[in-house]
Every structure is written in C-alpha cells, then in structure tokens.
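Only one structure is covered here, and it is reproduced in the block below.
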Amino acid sequence: MGEITNVMEYEAIAKEKLPKMVFDYYASGAEDQWTLQENRNAFSRILFRPRILIDVSKIDMNTTVLGFKISMPIMIAPTAMQKMAHPEGEYATARAASAAGTIMTLSSWSTSSVEEVASTGPGIRFFQLYVYKDRNVVAQLVRRAERAGFKAIALTVDTPRLGRREADIKNRFTLPPFLTLKNFQGLDLGKMDEANDSGLAAYVAGQIDRSLSWKDVKWLQTITKLPILVKGVLTAEDVQAGAAGIIVSNHGARQLDYVPATIMALEEVVKATQGRIPVFLDGGVRRGTDVFKALALGASGIFIGRPVVYSLAAEGEKGVRRVLEMLREEFELAMALSGCRSLKEITRDHIVTEWDASLPRPVPRL
C-alpha cells in the first residue's frame, strides 16, 4: 500500500480486504446503478470561475450547523453496520469525527448502540432514524438518543421500501452472525434473518413503516425536542414547513435509480427553502472541489458516506481521520485558488454549470 493521496484510493483497498458480500453491500447502488455513476459524474459538469489577486493568507472554514460549531462544512453521513468494515466500527468513526471537530451521524442500523457511541467521549452527534411499524420502538429509540446526548434526528424519508440492489440479492446479503443491530438488540429486532434474496430487504419489508407521511413528521416533533433534519428530499415540491433542515440525498443511489445526482437536485431545493432553513448535500462527494461546488450551489454543508466505510475497512480510525483531513485540505486549497477566505465568500458566481452556460454574463467595461 503506497502513500494514499486521495479519498478515492480507499475503495480499492476496501475491496481487497473485505468479504465480497460486505464490500458489495457498501459499494452497490440500485438496479442499473445509473444514479450511482451520476452522483460522481455530475460534479464534472460544474466548472470554477476563480477570482485572483485576493489575499488568501488566512482561510476560515468554520461553520455552524443547527447552532453547533464545527471546524468545516464536511460531516459524516449515516452508514449502516460499520463493524462489518472494521471491528471498531462506529466507535472508530465517532472518535475520528470528534478529532476532526465535525459531526457524525449514527445510523439506526448501527452495529454499536447510541449509548456505546456516546461512551467514546465528547463530540457532536446526530441520530439517523428509520420509522418502524411499532411506534413504541421509535419513541424508545429517540428517547435513548436524546439521553445519550445526540443533538438532532436525521429522519430518512426515501425508504418506504428498500431499493433493489442486485448485488445483495445475488449474495443473499445478511448481517454476519457475530454482529447485531445494536440499537434493537433488546427488542428482538436486532437480527436479520437469511432470506431467498436480500436479508436486509426482507427485514425492511417486515419492520419499516410504508405508510410514513408528513403527519408522522409532526408526530415525531411531539415526542422530541431535538431538531429534525429531513433526509432524502430531491424536489422543490417536498420542501415543506416543519423541518429544521433538509438533506438532499438519493440514499447513495441505493433507492430509486434514474433520479438525478444530488448535486443536480440541490439548487432547486435550496431555492424552494428561500433561505429559511439550511440545506445539506449527501452523495458523491470525493474531493474538496466537490465540497466547494455544493456550497456554491447553496448547500450549508455536505455529508460523506462510502469514503468513511472504505477508509474504515482499510485503516480503521486512522483511515477515517485521514479522509476527513484530505477533504479538509483539498477544500481549503479550492477556496484559496478560487479567492474565497470564508464560507460566506463562496458564491454562485464562483462556478459555472453546464446547464447555465447559455446564460449571458456581464461584460466589464475597460
């Protein structure tokens, strides 16, 4: 293993190290995986308009998310079952996020419980929530997350059913026998049965509530004081009052194939919020330049998912720390070379997208 110089290089290492069933689970998208490719490719249709001769000797990447101060607008997305990647799983990710001064989102389907993650020490953590058919399970889980010091709920709204992930069907994916979905251990919901296709798809069909609607978001607000981020919005139509923020996400291209890349959907959602609530981007970010592009299109921050599990598989906590460091350094460089000294200086004028190349630009008078 030579010197790792960028985030993408961890994927190949993870592929070598992990059992096929596990790697395929992390890596695959839905059906034809068109959106999976597009989540990456769409970034290449956005180019920079850098501003020069600006004093960039000091660059400030600090920001606040829901009132919490973080060191950079790069956060960790919820990814399930991290102990499949590395024995330390979510513990390592939590420590790496804390060391980087940023936010970790813990998946409902984590292989470490909310209490265990809280025990790793201080840090700002959000809890991703799936709504189970049994609302008592949901209420109990939210209360536990609150007690464990989690600061917000990221409610996943794009999964009334699990997307068709053909690798998981072929591999008959199921949670390895030595692991359990720790948050549900005492509720007999912590195990995933073997199934004829994907064990996770069968689990979702049995447990996750397909009837989830806006009224349930209102219900959730009655049982918790925590702010609720709605994760999985892709259109202006789905920007509705009540959320504390929105995460533009297509679930890592794992749900409905042929939805646009999140970076393509971002601006529409940002415009619909009219600046009232923050909008975050999840999906496809692998470079500091991607982070800059998302902020230029109106995002308040981004979340990374797969790079976390790949680097975790490769090097444990050290790998996740390194991913956060590399993205931070690349983002800082993109800011400097674009002539931006703080996040508020990153504007739409710093980029041009393929879809607005036709718009005339002002011609300066010399």
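Note that Cβ sites are derived from N, Cα and C of the backbone, with glycine treated the same way.
Annotated features, as they stand in TrEMBL:
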- 1-356: domain 'FMN hydroxy acid dehydrogenase' (DOMAIN)
- Y25, R165, H251, R254: glyoxylate binding site (BINDING)
- 78-80, S107, Q128, Y130, T156, K231, S249, 282-286, 305-306: FMN binding site (BINDING)
- H251: active site, proton acceptor (ACT_SITE)
Out of Y25, R165, H251, R254, point to the one nearest T156 (FMN binding site) in space (Cα versus Cα); all of them are binding-site residues in the record.
H251
If I restrict to non-local contacts, at least six residues apart, and a C-beta distance under 8 angstroms, what lies near R165 (glyoxylate binding site) in its own chain?
Y25, S28, G29, A30, F173, S198, A201, R254
Given the binding-site residues P78, A80, Q128, G283, G305, which one's Cα is the least distant from that of H251 (glyoxylate binding site)?
G283
Of A80, V285, which of the binding-site residues has the most Cβ neighbours inside 10 Å?
V285
In the same chain, which residues outside the set Y25, R165, H251, R254 have their CB within 8 A of the centroid of the CB atoms that define the glyoxylate site?
S28, G29, A30, L162, G163, D168, G252, A253, Q255
Are there any residues in the same chain, six or more apart in sequence, whose C-beta is under 8 angstroms from the C-beta of P78 (FMN binding site), and if so which?
T105, L106, S107, S108, Q128, A154, T156, G305
Residues with Cβ closer than 8 Å to the Cβ of G283 (FMN binding site), same chain and 6+ apart in sequence?
N39, V248, S249, N250, G252, A253, A261, T262, I263, G305
Suppose we draw a 10 Å sphere around the Cβ of T156 (FMN binding site). How many other Cβ atoms does it contain, all chains included?
22
